[in-house]
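One structure is given below, encoded as structure tokens.
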Amino acid sequence: MNDTERNMVERTSKFLLIVVGSVFFMLILYQYVAPGVINFGSPHGYLLGEEDMTIFPTPDPHYVKKYYFPIKDLERKIDFEIKGEDVIVFLHIQKTGGTTFGRHLVQNVRLELPCDCRPGQKKCTCYRPNRKETWLFSRFSTGWSCGLHADWTELTNCVPGVLNKRESKSKKMRKFYYITLLRDPVSRYLSEWRHVQRGATWKTSLHMCDGRTPTPEELPPCYEGTDWSGCTLQQFMDCPYNLANNRQVRMLADLSLVGCYNLSTVPEKRRSQLLLESAKKNLRDMAFYGLTEFQRKTQYLFERTFHLKFIRPFMQYNSTRAAGVDLDNDTIQRIEELNDLDMKLYDYAKDLFQQRYQYKHMLDRREQRLLRGHASFHSPFREDGAGGEGTARLPTEDYMNHIINGW
């Protein structure tokens with residue numbers, strides 16, 4: 001190699017070193033100036049740590065609390081042992097967005113051993129990482145093992161026995177964590193009417209209570225024939241036995257307290273009071289519940305409760321089958337009257353939900369400030385008098401957080 005060729009090689013090498021060094025410098029500078037935009041350690045683009053807070057709405061500082069809840073009702077922090085004996089039980093109330101949430105549970109949770117969901121199959125296999133036992137009891141994992149859309153009364157009496165049978169052994173050490181979703185009662189009612197109008201019946205539901213199903217006299221049908229397809233909203237509202245009325249309270253309450261479906265056991269006013277208070281208590285004691293109208297907040301509280309992360313953030317949909325229903329004020333008032341217990345429960349549930357979100361968000365921000373202050377104190381770039389909380393995050397808006405009309 002002559003001197004000319006040697007000089008050309010040296011110049012080329014120096015040029016490549018300069019280019020590579022410049023690229024690395026720009027990457028480091030870009031990450032420092034705009035952290036979180038490029039995230040090498042976060043699969044599926046899901047932001048972790050402080051950046052992950054930016055996808056969640058800032059609590060409304062002007063929110064006025066309606067009910068008093070002690071800290072024990074606001075604090076939800078479960079050491080969920082997926083390798084142990086813990087089981088999440090999803091109580092799926094019709095037309096609350098439970099199908100979408102149920103799919104999130106089997107397809108969108110970051111797990112050591114993800115659920116095995118195969119095309120064409122209605123159920124996924126959700127085994128624990130260390131053995132072939134399920135950690136999730138839901139429609140998309142175990143199927144309707146306790147009956148179609150089993151309620152609180154059915155699930156609490158059925159789930160332990162079903163799992164013992166499936167796993168061929170009795171386990172008294174299992175911990176069951178019940179979860180559910182609620183929805184604005186008027187929107188939910190209209191969505192159920194639309195669903196029934198298209199031919200849905202849920203007539204295979206068991207409604208098991210105190211060891212038996214209700215008699216035809218206790219639970220008369222609203223229609224003759226195979227289904228109620230084509231029914232008008234007026235017909236739907238006029239049936240006094242319609243299980244759509246106050247469905248959320250009925251499915252969350254302990255029906256044994258009122259004689260199940262036998263309406264003659266307890267006077268109507270007392271029955272309503274017992275059902276509402278029971279539903280409130282059971283909802284309050286659940287490990288977690290979400291609201292259809294607040295998808296991002298629902299995601300946030302679930303993740304913080306169970307220490308499980310979703311791969312993709314939840315989306316809020318406002319285009320639904322119930323959205324196109326034009327109602328006058330009298331009809332809306334009639335639906336609210338038919339669902340008076342659900343209206344009261346939802347008002348209670350929404351307030352508790354918002355207070356839990358505010359409380360948990362406050363704890364997270366406090367923890368981040370402490371970590372940021374600790375990092376700033378030990379930072380080699382720290383100057384005297386500098387540090388503190390750093391630049392505050394701009395407030396984010398709830399993603400379409402208004403009451404939506406359906407699911």
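Using N, Cα and C of the backbone, Cβ positions are placed for all residues, glycine too.
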Query raised in the report: If Swiss-Prot says Lys122, Lys123, Arg139, Trp144, His149, His195 bind substrate, which of Trp202, Trp228 does it name for the same site?
Result: Trp202
Query raised in the report: What mean pLDDT score does the topological domain 'Cytoplasmic' (8-14) have in the model?
Result: 65
Query - Rounded Cα separation (Å) that holds between Ser191 (3'-phosphoadenylyl sulfate binding site) and Trp202 (substrate binding site) - result: 14
**Report entry** Those residues of the chain, 6+ apart, with a Cβ under 8 Å from that of Gln94 (3'-phosphoadenylyl sulfate binding site)
**Finding:** His149, Arg188, Glu192, His195, Trp202, Arg247
Requested in this report: Report the nearest neighbour of Gln316 (3'-phosphoadenylyl sulfate binding site) in space among the binding-site residues Lys122, Lys123, Arg139, Trp144, comparing Cα positions.
Outcome: Arg139
